[in-house]
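Enquirer: Below is one structure. I have some questions about it.
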Amino acid sequence: MTFLILTILATVTPSLYSHVVQRELRVNFEPLAGQRDSWPVARAAMVTFDARSEKAREFSECRMINSMHELSRELMDSPEHTVKRASKEEMDDLVQRCSGSAEGRSWFIWPDTKWCGPGTDAKNESDLGPLEADKCCRTHDHCDYIGAGETKYGLTNKSFFTKLNCKCEAAFDQCLKESIDRAEGSAKSSMEGLHSFYFNTYSPECYEVKCSRKRDAECTNGIAIWKDSYKS
């Protein structure tokens with residue numbers, strides 16, 4: 001009897017572990033031409049595959065994300081370790097494989113905001129969306145920056161993305177966290193997703209300005225250095 005049980009286990013066990021289904025949200029970020037804020041344009045796809053297979057990149061599910069609302073929901077529902085950055089080339093390939101089209105949609109402003117994304121949907125400076133985080137994004141959009149290809153504080157931005165002063169990123173982080181603490185329900189969840197999208201998924205570099213003269217309150221001769229994040 002013992003031999004029979006062991007034989008059954010030996011037969012069944014490999015089949016139980018032969019397939020390890022993994023689900024990932026792939027996100028690509030690209031700059032918006034002429035932008036002055038630090039938000040990227042996003043494209044995203046949800047893929048499912050067998051992680052143990054030699055052909056792990058043959059997807060059992062391959063679905064393009066069709067709106068910023070959908071992207072925000074997927075980001076909130078996906079464990080952080082399953083959200084992966086994708087290069088432009090990788091995303092172009094996913095677009096072709098998932099939709100059969102050579103073009104994929106890009107998404108911009110976060111749901112229920114007018115300032116949280118590249119550019120703005122606001123009609124004027126006072127125009128805000130219902131999400132409290134929009135106030136944080138508006139302030140963030142008007143912060144000290146170095147545009148793509150520009151030089152400031154003796155530092156040249158050689159990337160295609162606008163980079164902000166690390167003080168701006170720190171203030172934005174704090175503002176979002178305070179807004180999240182005051183919120184409830186779906187608004188709280190949405191702002192948590194927004195915070196994770198910007199600081200964890202996108203994770204922008206920033207620059208720290210050091211004044212050459214300690215008594216120079218306006219730091220007119222400041223020199224900047226790049227930082228991986230405002231926390232580094």
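Counting starts with 1 at the first residue shown.
Heads up, the Cβ atoms here are built off N, Cα and C, so glycines get one too.
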Enquirer: Swiss-Prot records Trp115, Gly117, Gly119 as Ca(2+)-binding residues. Which of Asp92, Asp141, Asp144 is assigned to the same site?
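Expert: It is Asp141, as the record lists it for that site.
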Enquirer: Which of these links to Cys143 by a disulfide bond in Swiss-Prot: Cys116, Cys166, Cys168?
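Expert: Swiss-Prot annotates a disulfide bond between Cys143 and Cys168.
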Enquirer: Would you mind checking which of Cys116, Cys136, Cys219 shares a disulfide with Cys175 in Swiss-Prot?
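Expert: Disulfide mapping in Swiss-Prot sends Cys175 to Cys136.
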Enquirer: Taking Swiss-Prot as the reference, Cys116 is linked by a disulphide to which residue in Cys98, Cys137?
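Expert: It is Cys137, per the disulfide annotation in Swiss-Prot.
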Enquirer: Of the listed cysteines Cys166, Cys211, Cys219, which one does Swiss-Prot record as disulfide-linked to Cys206?
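Expert: Of the candidates Cys166, Cys211, Cys219, the one Swiss-Prot pairs with Cys206 is Cys166.
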Enquirer: Out of Cys137, Cys143, Cys166, Cys206, which of the disulfide-bonded residues has the smallest number of neighbouring Cβ atoms within 10 Å?
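Expert: If we count Cβ atoms within 10 Å for the disulfide-bonded residues Cys137, Cys143, Cys166, Cys206, the smallest count is at Cys143.
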Enquirer: Pick from Cys116, Cys136, Cys168, Cys175: which of these disulfide-bonded residues has the biggest number of other Cβ atoms within 10 Å of its Cβ?
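Expert: Checking each of Cys116, Cys136, Cys168, Cys175, the winner is Cys116.
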Enquirer: Restricting to the recorded positions Trp115, Cys116, Gly119, Cys168, Cys206, which ones have a CA within 10 Å of the CA of His140 (active site)?
Expert: Trp115, Cys116, Cys168
